[in-house]
Structure formats: structure tokens, C-alpha cells
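Look at TrEMBL and you will find ASP246, HIS248, ASP319, HIS502 tagged as Zn(2+) 1 binding site. Summarising the annotation, TrEMBL assigns Zn(2+) 2 binding site to ASP319, ASN359, HIS466, HIS500. Look at TrEMBL and you will find CYS129-CYS205, CYS132-CYS197, CYS160-CYS171, CYS261-CYS266, CYS267-CYS290, CYS426-CYS474, CYS626-CYS630, CYS636-CYS650 tagged as disulfide bond. Residues annotated as domain 'Saposin B-type' in TrEMBL: 125-209. Residues annotated as signal peptide in TrEMBL: 1-31. Residues or ranges marked as transmembrane segment in TrEMBL: 668-697.
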Amino acid sequence: MDLQRVAMARTSPDLNLLALLLCLLFPLHLGSPLTSKDWDFHENDISYDHATPTTQEEKERVEKFDISKLNYTAILLELEKGLNAMKKREGRFLEGPRLPRFFTDLGKFLDLEQVVNEIETSIMSTASCTACKVGVGMLQKFVQNGMIKEDIIKAASGFCISLRIETTRVCLGIVNLMADEVVYVVENLVMSPDEICGFVIGDICGIPYNPYHNWKVAFPPVQKPVQHPKSSSTGMPTLKVLHLSDTHYDPEYQEGSNADCDEPLCCRASSGPVKSPGDRAGYWGDYRKCDTPSRTIHSMLQHIAQAHPDIDYIIWTGDLPPHDIWNQTREGNLDVIRATINQMMVYFPKTPIFPALGNHESAPVNSFPPPFVMDNHGVGWLYEELAYQWQRWLPEASSPTIRKGAFYSVLVRPGFRIISLNMNYCNNKNWWLLLNSTDPAQELQWLIYELQNAEDKGEKVHILGHIPPGHSDCLKVWSHNYYTIVNRYEATITAQFFGHTHYDEFELFYDENDRHRVTNIAYIGPSVTSYYKLNPGYRIYYVEGEFPTSQKVVTDHETWVMNLEEANRFGHPRWYQLYSARRAYNMRNLLPEEWNRLVYKMALDDNLFRKYQRFYWKNSVAREDCDSECKKRMLCDLKSGRSNDRKYTCAKITEQVEIQERTDWTDWIYSGFSITSLAVVIPVAAVVIPNVLYFFFF
């Protein structure tokens, strides 16, 4: 399958995406068997092209089941019959009714198991595209015909429970949380299924033209300065910077509870019975689908305060609440935000902190309506709290933009500025953007203004955010506009910092006119949470300090981790430096060109790549293996500062890996022919070669 950016292991299941899928596909739960002749003779059918199949299996599925001939009117009639029957049974659908043949056939065609897996891993293929287009067409038809929200919730919940996609309480919780938002958005949409699915899933699903989602930011009529090669000074003063990301503090974490449950988050008293001793949650955390206990966060912060008393400032790139996103509330998430901030204040009462907003802070998760969405659907409840909490570190002048869109710009010291972005306005799981994704809250246009002002004053800028701009979770149109901004102001932006993936990685940016010239780098910091199969970790950066030629580039960085298995076994945590980038990779400096050189070295050097992979997983004993295809994807991720652009970005690095593969096979074959074996090889060759020649030429 043609895959987009691939996470190497399952991270948080995106249950809001699952909820939309359920709301889109729930009619199938109640549909009746429809033979092919029932599909062919209806004037009101909605038809559209499905994504081009890329494997033989997909082609066979498409041949057996033609999406374009689905009769939504007939399905709607069957759905109404099913809902009436449901009401008579008083909701007994939750007991798991027998699924009709039509649903079974369509379910096999849509490969729902594969689709759910893709939702969880952020891997998208034509399977997700096909399911999306079928579901969107159905839901639009049903909403147009006046189906009430309560029936949508009931049917979608039954669909989820009957197929055992999640547990009953997760199905009920996530559908109830998301249905109001999904129905509101669908009711107000003026987009076709092709447009919606292309927007959400990306290039793999095709992106038809839509003026609401094809826009470009405007630049001032100022010529881009002549680019001078960046330099990194040695022996000069540096700033020491702490980077924390993805804390995911779980106030309900309980040692000894079930760590191997069937839900998106375990290690709680409510996670069900423990079936074996090995399933018990550890004292300091767990490698399975579990978030961070309070004691582990306190241990980390206490260690940092003691080991790094000379920290100049902290960057904090979001995701504070846990992954129990099926039963979260606004007030519950605010409580976690307040508690986590209070933890920080205990250990760093006088250290400047520059935060960025994650995608988990809202309830429901990923729900960040643009400012034009108001009333109860708005997100002012969160932004007002952030403005209040962040004012302890930020100047009053930053308050208006925080209240408007949770982004801000602050002058850290003369000549040095930090800009924090709300990356949820590029989040393709933020369904509100379907209404209009055109530069939500005018954030990117504001960013251009701030960068132009910084360029005019000779300031250097660091940018903070949560979702990396090259990740598949970032909308193509937003990501490409951001990429253009970074290239225009490459002399001003000297570093970028993000989180979200939970891994230790980075993304590179290249000149849009000369794809071989690297212009910038975005560092992706490791998560504090161990979710999933990871050790807890944090990052220390060394940034050029105060001297006349300082460009505020990063001169080195260190990743520090806690060995979770060891901590649980011996009863106390040990935080240690896993690696220094310059020492571990033998780098001359940390300029973008040097990182680009490292990527191509890893393509040809398996030992170097394995070292990177170990650091990527934060030295976890639970890390997964990585084959050749995995290696190609991981290296492609490093070159992808722009989302949905892998076809062009990754061709060369993929070719390098494949050349190395062929070289390895050649070396292996020839290594079998040693001097000592010539006595055997030559006589055999004397017999074999003439016979081979005879076969081909006679």
C-alpha cells in the first residue's frame, strides 16, 4: 500500500477520528441485505471515484464491490426500519445483534479492522480513504433527511459495540462526546465526500480543489535577504534550555492495576481484573498503554532541579492530560492543567517557562474551533484559563493573542524572540477546520508580521509548537504555507521545537527552489510519558548565548531518560544522560546541513541507523524491531518538514537505502566464496557453466 508518514509504533488511538468513522458508517449496522440489482436503478445515488488501488488485494476488493453503485436512499429506508425496531426493543442493540449480510459484505470490502489500525497508528492507505468516502456520503444523506442526533448516537454506539471495536463504555463515551460536534459540522458543510476525505486523510485520498482549503498567506513586499551560511561558534557563552513535552499526567494511575486492558488507557482501578502477575502496573509507570503517575513527574522534576540548577529557561510543548479521552470533561482537563503547572512551580519557581498548547488539552480531544465558532461550541473556556495560567511567565502584551488563538510572541532578551504557535489549527483531526481552514485565527499571517518585524530589528527567533509541521497529522495546506514562511525567514528562524510523536527525532526543511539545500531544522522532543513502549525522557539544549555574532543556533543537545524497567524492578528511578548529539553522531555542529549529512550517512550505515533507532525509542527494552521498509520510512520522516510531500521529498533517501540493501546482498553472496572453498567451487563450475551455456545458446 502507498502509505503516508508512518509512526513506528501505536501511539494514542485517535478516538475522535474513530468516533467520526462510527458516525459515518453506523447505518451499515442496521442496513439490510441489498443485492447488486438493488443498487443499479436509483436516480439519487451519490457516486464518486475511490482511491486508486495499489495492491492486488485492493484491486480484487474494488472489483467485487462498486462504491459508486451504493443506493443511499434504499439504505436510509432500511435504517429507519432498523431504528424503529430498536426503539421497540428499548435499546437492546447493545447486547450485540446479528449483523445483516449487507453489512458483513460491505464491512469486508471496507476492511474495517485495517481502517481502525490505520486510525490508531496515523498510517493512512486507500482502505481509510474508501471507508471515509462511503461513510461521508451516507452521513450527509441521513442528516439531509432529518435524522436526529439521538438516533445517530444510538446507532453509532451499537455499531462500535457489536463489532467490538472498543469496550462498551469507550464506545458510548467517545460517540456521545463527539456526536454533537460531528453532526454540527456535517450540517454546515458545503463539501463533497471527495473533498472532505482528501482534506482529512491527505494525498493518499486525493485532494480536489476547494477554495476554502486552498489558500496562500501574503508576504510583505520586502526582498528576502541574501543568505549567508550559518555558523556555530565554539568556546562562546551558551544558554541552557530544558525541553519538556507530552507529560500526560494521569491522576488515576494505580500501581498493581491491570496494565493490559482492552481500552486505550490502562493502569487504573477501572481497567478491569488483573489476569496474571505480569499484567500488573508498575510503581513508576508501565511500557503498555499507561500514562504518567504523579510520583514519576515529581521524581523527574526533582532530578532536573538538582542535576541542572543552571537552566536559563524552559520550553514546554503541550499535551498535559492523559489518554482517557472517552470520558474527559472540560473541568477535568482544566484540573490536570492546573495540577501540572503547580508541579512545575514547586521545582522552578523563578525559571522562565514558555509553553505551547497540545492537542489533548481540549475536551473533546482535538476540538479547537476557529474564533468564528462561538457559544457553547467555542474554545474560549480553555484559552481564558491558559491566558490566566501563563501570565505568571509571559508579559501582559501576549494576552490578546492567547485569548484569541492560544499563540504568542515574546522578546526573551534583546535580539532574541520566542514565538509559540497553536498547531491545532493545522490538526487534520480538528473537524472544525472542515468548515473553513483558511488560516484559522489568522495565525500564520500574524506569524509573518512577527517575523518581518524581527527581521527588520535583526532579532533571531525560535518557534515552539506541539504537532510537527511535517507530520501527517498536520493539514497539507497549512503545512505548505508554514514551510514557505520558514523558507522566506530562514535567516531569522534559527531553531524550531515540537513534541506530539513521543519519540526522539527531528524534521528538516529544504529550499523550495533548490531541494538539495537544507534551510532549517525542527527538533521533536521526547515525551515524559512512557506511552507506548517508551522510557520517560526530557531534552537539554545548549543555545548560543550573548556575544556579538550570536545567531542563537543550537550547539548541542542531550536526551536524558529513566530506565522504567529498572526503576520498577529495584524500586527507585535512575535518570541518566542517554546521549549527546554531537558526541554520539560525531557531528561537527548541529546546523541543518550537518543533520542532513547524518540522514544520508544512516542510509548507508546500518550500525549508525541502529544507534539512531535506539535513541528514537529512548533506549526502551520494549522497543520494536525495524526492517528495511521501516528504515526507509524513518529516514523519510527526518526529511519531511512539509506534510503530504513524501513522493518528492523521500525519493533520493529511499534510493540510497535500496542501493545499500543491494550492496549488502552482494557482499553476503561473495563472502561465501573464500579461498578455501575454491577447490570445491572450480570443479563444480567446470560442470555447471558449460551446461548453462548450452541451455541458453543451443
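Cβ coordinates come from backbone N, Cα and C, glycine included.
In space, HIS502 is the closest of the binding-site residues ASN359, HIS500, HIS502 to CYS266 (disulfide bond), judged by Cα positions. Every protein chain considered, the tally of other Cβ atoms within 10 Å of the Cβ of CYS197 (disulfide bond) stands at 30. Fewest Cβ neighbours within 10 Å among the disulfide-bonded residues CYS129, CYS132, CYS267, CYS626: that distinction goes to CYS626. Between the alpha carbons (Cα) of CYS650 (disulfide bond) and CYS132 (disulfide bond) lies a span of roughly 27 Å. In sequence order, SER245, ASP246, THR317, GLY318, LEU357, GLY358, HIS360, MET423, ILE467, GLY499 are the same-chain residues whose CB sits within 8 A of the CB centroid of ASP319, ASN359, HIS466, HIS500, the residues recorded for Zn(2+) 2 being left out. Counting in whole angstrom, CYS205 (disulfide bond) lies 32 from HIS248 (Zn(2+) 1 binding site) by their C-alpha atoms. The binding-site residues listed here (HIS248, ASP319, ASN359, HIS466, HIS500) include no residue with a Cα within 10 A of the Cα of CYS636 (disulfide bond). Rounded to a whole value, the Cα-Cα separation of CYS160 (disulfide bond) and CYS626 (disulfide bond) is 32 Å. Considering only the binding-site residues ASN359, HIS466, HIS502, the residue whose Cα is spatially closest to the Cα of CYS626 (disulfide bond) is HIS502.
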